[in-house]
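Shown next, in structure tokens, is the structure this report addresses.
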Amino acid sequence: MHSDQTILSSCTDMGGVRLWDVRSGDIVKTLETKSSVTSAEVSQDGRYITTADGSTVNIWDANHFGLVRRYNMPCTVESASLEPIYGNKFIAGGEDMWVRVFDFQSGDEIACNKGHHGPVHCVRFSPKGESYASGSEDGTIRIWHRPFDP
């Protein structure tokens, strides 16, 4: 749900994210992606929608629905999350069992957390951004503390 509480995001298995007006039930917009979207997250401040599809992480403008940034990942990713306080980092996890931290501006990898023994299906920052969690097919949830500066 977006910050104004009137737009709901949903992933589609045919590629894209549908944005719905909850008052009318109508589709407002479809954000087109190359592959099926496996995760979508609205940022805490309501400015961005972060999506993961195939080997791509996309950051969308949540108000005007345009693409802000597209990042090609080193593997197929299943989930991505934008750092909630500064918005200058994002994390992604996927089939290679690692959770990577990237710089928002450059897309450069800042850190890589290894520890899962199966594909990573979900990642999320904590509300204050001081740590993040990852869930894996190996049945574990790991909490990672930020190894980087804001």
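Cβ atoms here come from the backbone N, Cα and C positions, even for glycine.
In TrEMBL this protein carries:
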REPEAT    1-30  repeat 'WD'
REPEAT    113-144  repeat 'WD'
How does the repeat 'WD' (1-30) divide up by DSSP, counting helix, then strand, then coil residues?
0 helix, 14 strand, 16 coil
Across the repeat 'WD' (113-144), what are the DSSP residue counts per state (helix, strand, coil)?
0 helix, 18 strand, 14 coil
